[in-house]
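What follows is one structure encoded as structure tokens, with my remarks underneath.
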């Protein structure tokens, strides 16, 4: 029986026989396939007799010495193989890098493209072609189907891998490099989901490009073409507006408008939104721009401020006293359960996202529109049905304290400051400046924030009304409606290569993998990240008891993404060379497209371009929110609604996107 005694070095330069990384003096490269070999591990019959012969030395695989290893044969045996490789070597039009690539493709069973002097980059402009060249099964030589990655860094189809395994108990070896495969993986291999998603995405993109020369058609209904009432499907009519879409927006205020909605923003009625005006539900309220989110209780952005809030009884800590009330921020709840469990506080609230937006309005003294819902059963000031607009309030203080359910919550003191009387008051005039109420819970509060300086919205003694003392914040959104110049912001369409690179992200550093390794449990990491996660830990630990030593115990090292023990795998990490080559090819292809892309003309003024550049902006203003508890009307988490850091990043990258032709109107 043939013995696999002569084996080359692997991709990391480690000899596959003695498991030692040979020095350059002890390493010998084949003149035909450029594979490194350990000189000391070669048989005497295969070593070059002199140093001069080492330059033209041919390894045992290429010279067809009987080593027991399979040799790729192409149309006629070893003589044809050597003749084809010699033809590549003699082609002066190819660089050394291109020659090495063609030798590797040919030895792995590929074919040589016609035209020896052609540019290899022009042979695979499609992403699927790049994947097809990089991610092929080492057994069937086809594109991977249900890919499985071995600890030695080679990829196989699941069916091919199972056929190659199971021939002996604990003696299964990789058919590519002959390294030992763990018995657990040989009996129960795991599919590499990252490779599955990448191949599927590339195939779908190829189908889309083949089916439509212009790509996917985007449909958009202008505001003037929307109905006066919200869209409701036949299925949703029985259960209210559970899956309804917004109807026409009747006001021309931008989504980030602060303060009351006056007559200048009401082209149809020419009166604005009056205090005491009510609607059947939150969908109708949104059509008049008073409170845009369908479900969430706070509308705003963490670096900009909050425009409106809704009192709907979502938190037990809320206290409503009409002209002033104590409001509880959002967050701190686990929304993965049902409506019985997602109303229970499970963690502490922090001043971030929507809570930070309210604190910004507190510091700057912005007016906040307040809407009360009939779902607030504990308040004497809530409407009997529907939702009602109760004017603008100002946040005077905010703090954190331990709530009713035992966790820290963010608290806000709202005081009414509107020029119109409240719906429950019989006064003929609006509010006047009043002293702040005494709040007992401030004694045990932490992180107290009070406004320093003059507020932006304040009372003017000469005019006897509330006015903007400072210029209101400039809108960054443009108008929600308007027949001329209306803007529909669309998310930036990422190329397939960018989406593929996102799929190849390390689960530790969350960046594109560098020197990727795949664990036996089919999770992908950077090699440096995986080594750093277990830095300072040894594979075994010594034990002793009362002066006598016990047997050493193996340390359990769990995968950072699951609970599988990967201690044995960490002893000899092997880089997935095929996956690394694919990532490098996609990165270089994306860089070429960015360099070759021509700048396009942009339409609109600077404010419109800035609005279109905010891809990661608050989705509260568009009404596309995730519900915390639609049936109970709670405030909602809206965790993805505002990410100001992402918006700032997009603003900084706007020039680059203009050059790349990625501005949409």
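Yeah, the Cβs are placed from backbone N, Cα and C, and that goes for glycine too.
With DSSP states grouped into helix (H, G, I), strand (E, B) and coil, the compositional bias 'Basic and acidic residues' (94-105) comes out at 10 helix, 0 strand, 2 coil. Positions annotated as compositional bias 'Basic and acidic residues' by TrEMBL: 94-105.
Annotation source TrEMBL lists compositional bias 'Acidic residues' at 591-604.
The annotation domain 'PHD-type' is assigned in TrEMBL to 12-65. Along the domain 'PHD-type' (12-65), the predicted structure has mean pLDDT 79.
Annotated domain 'RING-type' per TrEMBL: 137-178 (among others), in sequence order. For the domain 'RING-type' (137-178), residue counts in helix, strand and coil come to 7 helix, 8 strand, 27 coil, using DSSP.
Annotated domain 'YDG' per TrEMBL: 268-416, in sequence order.
Taken from TrEMBL, the feature domain 'RING-type' covers 506-563 (among others).
Residues annotated as region 'Disordered' in TrEMBL: 93-125 (among others).
What TrEMBL records for 588-665 (among others) is region 'Disordered'.
For the domain 'RING-type' (506-563), the DSSP-based tally of helix, strand and coil residues reads 7 helix, 21 strand, 30 coil.
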